[in-house]
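As recorded in TrEMBL, the features of this protein are as follows:
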COMPBIAS  23-33  compositional bias 'Basic and acidic residues'
COMPBIAS  175-193  compositional bias 'Basic and acidic residues'
DOMAIN    63-148  domain 'Cytochrome c'
REGION    1-43  region 'Disordered'
REGION    167-193  region 'Disordered'
Amino acid sequence: MADNKAKSTKPVNKTPPKSPSDPAKDRAAKRLSYDSNSSHEGAMAGELSALEEAFRKFAIHGDTRATGKEMHGKNWSKLCKDCHVIDGKNVTITDVDIVFSKIKGKSSRTITFEQFKEALQELSKKRFKDKSDEEAVQEIYKLIEGKAPIISGVTKAISSPTVSRLTDTSKFTGSHKERFDPSGKGKGKAGREDLVDASGYVSGYKHAGTYDHKVQGSK
């Protein structure tokens, strides 16, 4: 009998039952959490310096997969050219390439923004020799801040006498001449096919279409 009573005895659950959650409150809490995260990210984006904005613009130039967090050597060279860090006297393209190779990791092909600033610090010593280290860095920053990649213009077509002669419809002869009117505009189908002229006038007659006017005038 004692064994049966022991088996039938169940442990008492002392944990209080959970109160049913309010779906509206849960949604509000999630929305507040999302808004706080978004505002934090927006604040971080707003804190970007003009130098870092320029870095990101050049970092993504010509590369649709770039994130703007790293810059490869080609765009580094373009930045130095477009922002006039390279002056051809104190800083040359060779200096820019040497500094890039020195700053980046051995197995890396890109530099981060922090490494970018280190590279600029190296070049500032050569670019602004007559200034102190701090002043030189600030001067080289000014060259880059707020700048964006320069996009080359579309190459203009070069006109030549040969091309002009081939495209001048007033100098066309034979059947080619018949395809254009005196203004140089194409006649379309009328210039490609022999259409029957049912006007009653001889082909090429200068006063075609004047008969009706003369008859009406005589009346």
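Any Cβ shown, glycine's included, is placed from N, Cα and C.
Across the residues of the domain 'Cytochrome c' (63-148), the predicted structure has a mean pLDDT of 94.
Secondary structure of the domain 'Cytochrome c' (63-148) per DSSP, as helix, strand and coil residue counts: 48 helix, 6 strand, 32 coil.
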